[in-house]
Amino acid sequence: MTRRHHLRTLATMLAGMATLTPGTAARAEDGYRLWMRYDAPAGAQIDVRGGSPTLAVAAAELRHGLTGDAGPVVIAAATDAAVAALRLPTAELGPEGYLVRRVTLAGRPVVLVTGNTDVGVLYGAFALLRHLGTGGTAADVALRSAPKIKLRVLNHWDNLDGVVERGYAGQSLWDWWTLPDFKDPRYADYARANASLGINGTVLNNVNAKAESLTAPYVAKAAALADVFRPYGIRVYLSARFSAPIELGGLKTADPRDPDVAAWWKAKADEIYRTIPDFGGFLVKANSEGQPGPRDYGATHAEGANMLAAAVAPHGGIVMWRAFVYADTDPDDRAKQAYTEFKPLDGTFADNVLVQVKNGAIDFQPREPFHPLFGAMPKTPLMMEFQITKEYLGFATHLAYLGPLFEETLAADTRVRGKGSTVAKVVEGALEGHTLTGIAGVANIGRDRDWSGSSFNQANWYAFGRLAWDPALSAEAIAREWAQQTFGTDPRVVEPAVGMMMASREAVVDYTGPLGLAHLMGTGHHYGPAPWVSDLKRPEWNPVYYHRADRQGIGFDRTKTGSNGVAQYAPAVATLFADPKTTPERDLLWFHHLSWDWKTQSGRSLWEELVHRYDRGVATVADMRRQWDGLKPLVDAERWQKTATYLAVQEREARWWRDASLAYWMSVNGRALPAGVAAPAHDLEWYKAQRFPYPPGNPQ
Ligand code: GCV
């Protein structure tokens with residue numbers, strides 16, 4: 001880093017820390033402080049050994065969050081002479097791990113926070129605060145951890161005009177207009193929150209990218225953000241529009257095999273690195289949903305990715321190349337297309353390319369089986385892409401804790417190298433020995449005062465970060481530690497909150513698309529139910545493409561008699577998915593088209609089971625509401641009220657999903673509802689007639 005950068009970083013950091021000023025006065029509980037609600041009076045003794053901006057922010061964080069009761073705390077890298085003399089087992093911590101424990105330093109008992117780098121120390125400081133915020137004490141502290149995945153990255157689908165694609169928490173956090181001059185103090189608080197989880201990268205702009213984000217003025221704006229984030233160990237990345245050499249460079253082509261195109265990207269990369277010396281690299285959505293890409297020129301995705309990779313390689317940069325592709329020209333099952341296109345390219349990507357794969361093969365549905373590409377490209381680092389923002393799970397208003405969704409995917413067994421070949425091991429690189437590894441989450445962050453649109457949405461940001469650090473953590477344990485830090489450690493609040501969270505995602509699955517149904521939402525905005533839609537231009541945009549319901553049955557046949565999508569999984573998994581009797585019931589209609597009379601595990605017919613699950617989903621939300629009502633005396637008024645109001649919206653909308661779906665299924669199968677089941681509130685035509693102009697997150 002140049003001296004100029006160093007000074008700029010320090011200045012930015014100090015400006016940002018204005019918002020960190022500790023205070024004991026009562027604060028509005030508006031959610032701004034996220035899970036970092038430090039109310040500690042001053043008095044902590046923090047001894048910082050070293051003078052980097054990163055150690056300075058670590059010390060500021062501890063001064064802010066610790067009471068004097070913690071006793072003296074020393075923060076220092078393991079290379080510090082006094083720390084090195086202790087001969088602690090720091091070697092296995094790697095470049096980002098931490099060790100926090102009681103030691104005697106220069107004859108004085110202290111809590112030592114250390115790591116091999118200053119960023120490791122910073123993560124240790126946050127781990128200490130988490131330990132104390134979840135009921136631990138300084139007396140018993142003994143923490144040690146290192147991240148299992150190297151790149152832990154947020155993807156912001158933020159447009160340069162401030163609109164966030166699929167964003168439900170207000171405008172983009174990045175005020176591109178006032179950058180680079182004005183560095184909103186929120187940028188530093190954003191960095192603090194991410195660093196507290198170990199998130200170490202952020203892609204600032206939408207994958208549906210504009211070429212302008214690569215122009216000098218916008219690179220300068222990105223550089224200003226990079227300066228704020230740097231002390232927190234966070235690198236900045238940009239989404240690159242593949243046709244930028246044409247749009248910005250005046251070239252006639254963006255063909256990756258054209259030397260002028262390669263030279264343009266190389267010069268562009270050099271220019272970016274002059275401004276942002278630790279720039280992370282590019283994220284690319286190519287030949288997907290209308291975006292330009294190498295296929296426009298008959299070149300492969302690997303040729304496109306490698307050309308960009310060569311441009312950033314001299315600077316240590318990487319390329320994250322998305323595998324989210326499906327084409328209107330390809331009549332094959334949409335769920336098969338990414339595998340068909342990418343698997344043959346295994347082994348042809350440059351060393352600094354990761355292929356970024358969504359958790360499932362369609363598109364972030366409330367439930368999808370794991371993507372068949374995981375395990376299928378052993379020679380290529382596959383980066384997981386989760387969606388933290390709830391495009392298909394009720395936007396910001398529905399309470400849906402995504403920890404169980406993330407956990408379910410990471411724990412899924414690909415069986416490619418025998419039992420235990422989990423998706424997590426693929427992503428960690430453990431299965432095939434990759435050292436370049438990554439995980440991305442599409443951010444749910446905006447300019448709303450509470451960052452994520454609701455208190456409970458913050459838990460999804462939190463859970464993503466914690467699982468990115470360690471995919472083996474349990475979703476429930478993460479929910480508990482989040483709730484303790486967010487609402488306080490009183491078990492009368494924490495336990496019901498955790499219970500609500502753990503039931504919530506399954507409830508959304510139940511009331512939107514039980515038993516493996518998916519993609520049944522409204523067109524474009526993706527708000528609310530519309531399983532009847534069948535008139536959109538591309539077949540795979542229509543919900544009827546996915547459910548295939550008729551008078552006899554329902555579901556997408558992905559076995560040999562259908563698209564044979566099951567064959568994309570390893571044989572041991574394919575065999576299970578090929579038979580409806582061995583397919584997990586949660587994925588039944590994803591893989592099979594079955595009679596409405598098919599007997600499910602409960603003994604109910606498929607039709608009765610569907611109805612049962614829709615009702616169960618609505619009932620779970622009603623129960624969540626009751627539980628939250630009971631917490632009124634124990635939660636601050638502001639956060640309690642907003643959550644209560646949102647839960648009421650969720651219950652109303654869960655009923656709407658259930659009623660509209662059942663009305664439609666009955667119109668298709670001609671069946672009556674089982675005895676005692678409530679009829680939909682309206683007839684099908686009423687549901688079909690609903691219109692929703694200007695919903696959030698859907699750029700017009
Ligand atoms: C950024 C889905 C979303 C799009 C998104 C796309 C993607 O189709 O609806 O808004 O575009 O996924 O992941 O590229």
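From the backbone N, Cα and C atoms, a Cβ is placed for every residue, glycine too.
The shown structure was predicted, so the numbers you read here are calculated from the model rather than taken from an experiment.
Positions annotated as domain 'Alpha glucuronidase N-terminal' by TrEMBL: 73-128.
For the domain 'Glycosyl hydrolase family 67 catalytic' (137-451), the predicted model reports an average pLDDT of 98. Positions annotated as domain 'Glycosyl hydrolase family 67 catalytic' by TrEMBL: 137-451.
All chains included, 12 other C-beta atoms sit within 10 angstroms of the C-beta of Glu289 (active site, proton donor). Residues or ranges marked as active site, proton donor in TrEMBL: Glu289.
What TrEMBL records for Asp363 (among others) is active site, proton acceptor. Other C-beta atoms found within 10 angstroms of the C-beta of Asp363 (active site, proton acceptor) number 18, with every protein chain shown included.
Residues or ranges marked as active site, proton acceptor in TrEMBL: Glu391 (among others). Within 10 Å of the C-beta of Glu391 (active site, proton acceptor) we count 23 further C-beta atoms, all protein chains included.
According to TrEMBL, the domain 'Glycosyl hydrolase family 67 C-terminal' annotation covers 453-676.
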Between Asp363 (active site, proton acceptor) and Glu391 (active site, proton acceptor), find the distance joining the two CA atoms and give it rounded to the nearest Å.
10
Tell me the coarse DSSP state (helix, strand, coil) of Glu391 (active site, proton acceptor).
coil
